[in-house]
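Pulled from TrEMBL, these are the features on record:
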- 128, 129, 157, 242, 243, 244, 245, 302: pyridoxal 5'-phosphate binding site (BINDING)
- 160, 301: N(2)-acetyl-L-ornithine binding site (BINDING)
- 273: N6-(pyridoxal phosphate)lysine (MOD_RES)
Ligand SMILES: *Cc1c(COP(=O)(O)O)cnc(C)c1O
């Protein structure tokens, strides 16, 4: 009899050292080509380490792009998810669960510390793009037809659904899908005068990333968020801060805007990536008027607020708090940034905490090639731009793993520089 608990029959077993290649062939035949060819076939993770289908080990310095903040197979997440799914795995949004309510309360106090009680509300989604999609709908509800314009920043990345894509700057992502929702205008990032000139009584919202991750880890200049808060308030527009990549401790504070602009209170903050520690979840946290702009029937989701995802997020929050991981992110991040800046071939180190953009010197091979070489040496990183390596490792990365990477990077760059000198 067929055992229904087992997945479909596997393909003929390939030679052990060809297992990855065989999976990649099957991937190409079965999965849409939206991501290009995957770099590796990964089968297992433990802490800050990963193993591929051929048995090779890697240090994970990308954490699923700022997602696995507690690393892989963290006992707190395993325990929380296992307990929740064996108790109650899903309910519709005709109902709620203790996990959902507790997470909403936690997110309000982490995002808006010191705000008056009962002034903030959360909408739970499943991803960053959905969190921003909901924020966009909040912006549309704000001022209605009288405020048709929404401002976003050049080089911004806010996601891939049609609304979030309309807020995303890169032409190659947008143009194949036009017409997109209208009214979005892009202004230069960090330029207060441009913002002042663009704002008016017809603007519903400004959306910003405190550190533009996909643009190569580029932090907004000092004073910009403060000015943006002042100018949007004067114009009656909402300030939406996209903390999908930077939030939940990655910067060394719960929210990057708490570090960059203490005292600035946005109307809306969006979260995802690290929030569930690897379980898909996103959130919109809004305060003041923005917290009640979406009413019954105006937005929804089947999976949003799922108790398993909420339990994972609660475990992430408890662990970060209980083990002072914010302090760890801050200390390791700043020490590592100094180490990396001393490497020959590194021009610049940008970012905050454990979201680090390593700017490569001119004349080196493209960062994508360097990233591929680093993977050969057992380090997973990525290249958001041709001149930048991005590091977004688990918060539990050891000092030794961080230093081992610095050593390998300096060897890889030294070789590249000497090849260039020799050519
Ligand atoms: C990754 C990201 C998104 C999109 O999140 P998804 O979960 O991939 O949909 C949105 N905004 C920022 C700043 C991001 O880094």
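From the backbone N, Cα and C atoms, a Cβ is placed for every residue, glycine too.
What you are looking at is a predicted structure, and each value in this text was computed from that prediction instead of being measured.
Positions of TrEMBL features highlighted on the structure.
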residue: 128; record: pyridoxal 5'-phosphate binding site; DSSP class: helix
residue: 157; record: pyridoxal 5'-phosphate binding site; DSSP class: coil
residue: 242; record: pyridoxal 5'-phosphate binding site; DSSP class: strand
residue: 273; record: N6-(pyridoxal phosphate)lysine; DSSP class: helix
residue: 301; record: N(2)-acetyl-L-ornithine binding site; DSSP class: coil
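Only 128, 129, 245, in sequence order, out of the binding-site residues 128, 129, 243, 245, 301, 302 have a CB under 6 Å from ligand 1.
The Cβ of residue 128 (pyridoxal 5'-phosphate binding site) has 158, 159, 164, 242, 244, 245, 270, 271, 272, 273, 282 as same-chain neighbours under 8 Å, each 6 or more residues away in sequence.
Cα of residue 243 (pyridoxal 5'-phosphate binding site) to Cα of residue 160 (N(2)-acetyl-L-ornithine binding site): a span of 16 Å. Of all the binding-site residues listed (129, 301, 302), 129 sits in the most crowded Cβ setting, with the most other Cβ atoms within 10 Å. For the binding site of pyridoxal 5'-phosphate, formed by 128, 129, 157, 242, 243, 244, 245, 302 according to the record, the largest Cα to Cα distance is 25 Å, rounded to a whole number. Once Cβ contacts within 10 Å are tallied over all protein chains shown, the recorded positions 160, 273 are led by 273.
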